[in-house]
């Protein structure tokens, strides 16, 4: 096994000079490379657990390790920087912060890519000469299938639907050779990637170099790759699965799973080209026996022939009135066994063949091809229906790619069925078009079978009337009616008929389903809930197969995991809800496969452990990896402690990670060092990840921690911070459109700090964020400009010495203090965009105002304080720039290990004075411009108005009594309100009944409306009747400042009783 070591971080210690206009970026880039060299030489980010007895707190930050089938891109950088920003901030807060990083290679994608490349070279040579693409353009017609698909798109605007034309959708395959060539690999380099392990030798090394160029504060001694190529990690995963099996969390048996027929194994999320997160959807197939076979089906007379609609609501079968088919749909009569034939779509039959519903596993036997027209008017035996026998009728909105293409009709509880049946009854011509006799349609009416509060015994009719549904084409109101019926039917419905009459639908449903199956009237069927395509390129099915699986969802395990989730921080309510939803529905999970890379299942080595199952507790491996592997990615050399991979057996891992007894041959002193690292660094304090991993990896992460450390809640994850995807300049990143940036591309274009600045500014919510060139470019310009100003200030001889005691000094000092507090809160909440705003943009604005407003010059110590504070606050995001400024300030050590600034609480009264003054100046300037605007009567030439020489500011002594009374009443309403919402009618009634407000009633209502606006903008602070300072005295002190800022020759301040003025809202008059 070859040793893998990272290449030198900077093989060329020079900055590429960019085109004209990139001088600022190039200057910053030069600083970045110098700083990165220094960090590496000092091994700045290598962090060991302190000696026993050292109580310094720690912070372990991790992300899901990236998959190594390509270079890191901006999307990786988005998640990586959030985890690193968090660790950098916690380090400033006095914690030992660790951000380790590994590389995921388990699973089938790398193996599939390698095999694909190998086949390409076998067929087309080396280098391959690929055939020219041939694309046929076929006109698209509005078939019923197309119409149904269009309807589905409108019905579910959040679902993904391809917008490609038929020609585009059938475009030529993307060759693996060309994919690798697109990664800037040369022809002579590419053939090595036909060996899957070559990918493990190449991409992790480049990822390390990319992250070093980004300036990521990672302890690279702790890095590793997965799979059995790394014997240390391999032994760790084998230990994990032994523990899980020992605890009864892994079982063997038949279960439904997403399956790749081409690969002949389960297709887990990471094995999919599309359809990540899709799970099996279980249906009950109702066996509707054809009473008399038509002439076209005479060859099927030896069989019992069934139409098999799939339903999610077997409890509603009491209300069947007919069966629906798509008239132009393509169907087949498929032999299931020697006695039975099912009529359904070929797609459904293909799925059934993997679920024991065919004579030969994986193969269908179609005895007869049919269309929907062939099935119309057939008389069917309908299990449980009061009608006994029903007929096959047409429905034009059936989706052939959902269920079996056959739909049973229950118009009492299905709005779709109700409205379609009613339309068919109303339109004789429509019935005649399909040769339907009246007796097949008209006698059948909706039958009450379930009572739903508020919707009654015929919920579908009630919901359609409520939402004004008139036809099947009223998709939006029809969908609302469906949602209301289905949700309330399951949660609130009560059975009116059958042996389970009086029971809730929730309780009766499984009992009725089991009865139908036991009686031979139905079978269970599953299919992917949405399309899933494997990385091998075939559409996946659901297979009922023998396999090893994790019993996620098992009651006791789920309960312990629920406790973990209840005590884990998720930062946003939406993230918590997504976790809860995932915990509620996740069930047994196949953990083994036969194809790909990975660790062999210890007790059944014909199987490999799949990629979402070997990546659930590896964060604990980070704590000891540096002592076992010493930074050798594949663990091919024994690490610093001298413990071989073979020595890390089950007993050794149990001792280190679970505190069990050890009687093996390894020196206990060595194992104790491993144990000390684990005990100090674990648990994970924050895990940052894309939200799309909540339904799988992140929930598995919780389940496995609650199992392995069931009796050690102190080792359970402390928090998970989820984020959305990152867009690039407002559009989804895509290689095919060219809107794509690898991490190295971004660093080359914007520098490390420019890239980090842009990523921080992209956004922090669960919604998609947006990295823009403009933001990164702005970051470059502002950092460069700020650096020039810092250098200028450090050389300046004009800064004012002495105490910082002027009004402007005090305002600026308080603004800095407030920025520190706000930025502290934003970092703690992992809202990095907001931290950038308060810790950089707001500080810049305060500094600029101070620079302009300090008429007697800026105070030297205050300026230095500002530079130091801003440098620390910005250092988690732009560490290279900040490290450079830290040096310019003459500070020792690295800014990355500085202490978070300690500041006093900001004087809010002083800051409110400043805000008042700035707003007054802004409004008065506008009034001055209006005053000086040339004026003229109609038909006359405008005459210029001379600049005023005097500004008189009339300050209110206080609010008049009617205003005070109104303020008190409005305030009391808001204080009693929930969520800041008041009853306007009640407020109006209260104001109108106040005797002391009647004489001013015409003014009260407009003023109350103004108060509501103030509350919306400032909360209860906007309703205060007095300022926190003496308004007239303050303005008297600021006369000279007002003269300079407006500018104007004279300013007078006077008290007034004019009601047009109010506290904080003086009248200004020019003359």
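Cβ coordinates are placed from backbone N, Cα and C, and glycine is handled just like the others.
The domain 'Aminoacyl-tRNA synthetase class Ia' annotation in TrEMBL covers 35-116 (among others).
Summarising the annotation, TrEMBL assigns domain 'Aminoacyl-tRNA synthetase class Ia' to 208-602 (among others).
What TrEMBL records for 676-775 is domain 'Methionyl/Leucyl tRNA synthetase'. Note on the domain 'Methionyl/Leucyl tRNA synthetase' (676-775): DSSP counts are 48 helix, 20 strand, 32 coil.
Look at TrEMBL and you will find 809-936 tagged as domain 'Methionyl/Valyl/Leucyl/Isoleucyl-tRNA synthetase anticodon-binding'.
Model confidence over the domain 'Leucine--tRNA ligase RagD-binding' (955-1027) stands at 83, taken as the mean pLDDT rounded to a whole number. Look at TrEMBL and you will find 955-1027 tagged as domain 'Leucine--tRNA ligase RagD-binding'.
If you look up TrEMBL, you'll see 1-26 (among others) marked as region 'Disordered'.
Residues or ranges marked as region 'Disordered' in TrEMBL: 130-153 (among others).
Across the domain 'Aminoacyl-tRNA synthetase class Ia' (35-116), DSSP assigns 35 helix, 13 strand, 34 coil. Across the domain 'Methionyl/Valyl/Leucyl/Isoleucyl-tRNA synthetase anticodon-binding' (809-936), DSSP helix (H, G, I), strand (E, B) and coil residues number 95 helix, 2 strand, 31 coil.
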